[in-house]
Amino acid sequence: MALNHSRSVKLNDGHFMPVLGFGTFASDEVPKSKAWEATKVAIDVGFRHIDAAFFYQNEEEVGKALREKMENGTVKRADIFYTTKLWSTFLRPEFVQPALEKSLTKLGLDYVDLFIIHWPVAMKSGDEILPKDASGKIIFDTVDLRDTWEALEKCKDAGLTKSIGVSNFNHKQLEMILNKPGLKYKPVCNQVECHPYLNQSKLLEFCKSKDIVLVAYSALGSHRDPNWVEKDSPYLLEDPILNAVAKKHKRSPGQIALRYQVQRGVVVLAKSFNEKRIKENFQIFEFELTPEDMKAIDGLNRNFRYAKLLSRSSLLEGPWISEGDRYILVERTCEKQQQNPYRHHSHWLGMRVTPAAEMTTTF
């Protein structure tokens, strides 16, 4: 991966991705119209990389903003790098292309620039975002991710997306795709939670060795949505060291956290619907951190994850295992999983969650 003067990174398929992206996720309490307004502000400020997803349920609003900015001449379609994600209820191969076409219809676009698998776990297909049984437990499905990947390759061949990638994969799952017989296209990226408290150093090293770009979400320490983040989680942007570096450069802690990722070769997503902060986030190209700054921020890593898993007892594999996160799933793998570690089964619902401190598992 090599950064060029246009603030973009060349992907392994030859396309270019801006190293700074605008995130569009918002909690249910935020009006959908805010995504429309914020996306327009982001484009006016200079953002050209827009990160979205079917799961966010606001692609119509984001698409409206994009079309308005194209129609008034602010940008051309070719100027925008748009990412959408394949949700877990669409991982069966026959649902992959229809899912992408559904997003394209909502967006009012002919193609996306990047289409990625959102989570490496399949859920029961259907209209529900989070299908649950009578007891309120998520209903999972059995899908081989290699079959899903082949369906993504077909979407690329059909011209519906320029590039394809993954999200929330660990190195074993990436190797599974890379070693798949008949592989036509490598994943161009792996999007994971990544910030100074969870710097994903081992996963980053692995991705770089395979010419796969690591993309960081929750780079500012995440929103405080109680549905996804523990209320007692530490505030990254209040960290003393991060604030000391910020004071030194006369910048905000958020700008330091974003700049840190870019300098270590990570594409970073900045999510804010506040106009002042959107403008501030785009100013990270105006300064540079010193090697001493980078080392100090490296030292903040504590393998701390903000985003709660969809179900900690259901997601057997993920980047959190590679990095020794607070919760690692162990014990009682089902027989089918032992035979094929790339399948995801509802049998996993009873697994014990063990704190990382008790674990000896390494990358």
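The backbone N, Cα and C atoms fix where each Cβ goes, glycine too.
Note: TrEMBL annotation is automatic and uncurated.
If you check TrEMBL, you get these features:
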- TYR56: active site, proton donor (ACT_SITE)
- HIS118: substrate binding site (BINDING)
- 20-301: domain 'NADP-dependent oxidoreductase' (DOMAIN)
- LYS85: site 'Lowers pKa of active site Tyr' (SITE)
Report task. Return the residue, from the listed recorded positions LYS85, HIS118, with the maximum count of other C-beta atoms within 10 angstroms of its C-beta. Result -> LYS85
Requested in this report: Report, in whole Å, the straight Cα-to-Cα distance of LYS85 (site 'Lowers pKa of active site Tyr') from the residue listed as 'substrate binding site'.
Outcome: 5
Report summary line: the residue listed as 'active site, proton donor' sits from LYS85 (site 'Lowers pKa of active site Tyr') (Cα to Cα, rounded, in Å) at a distance of 10
Report task. Would you count the other CB atoms within 10 A of the CB of TYR56 (active site, proton donor), including those on all shown protein chains? Result -> 20
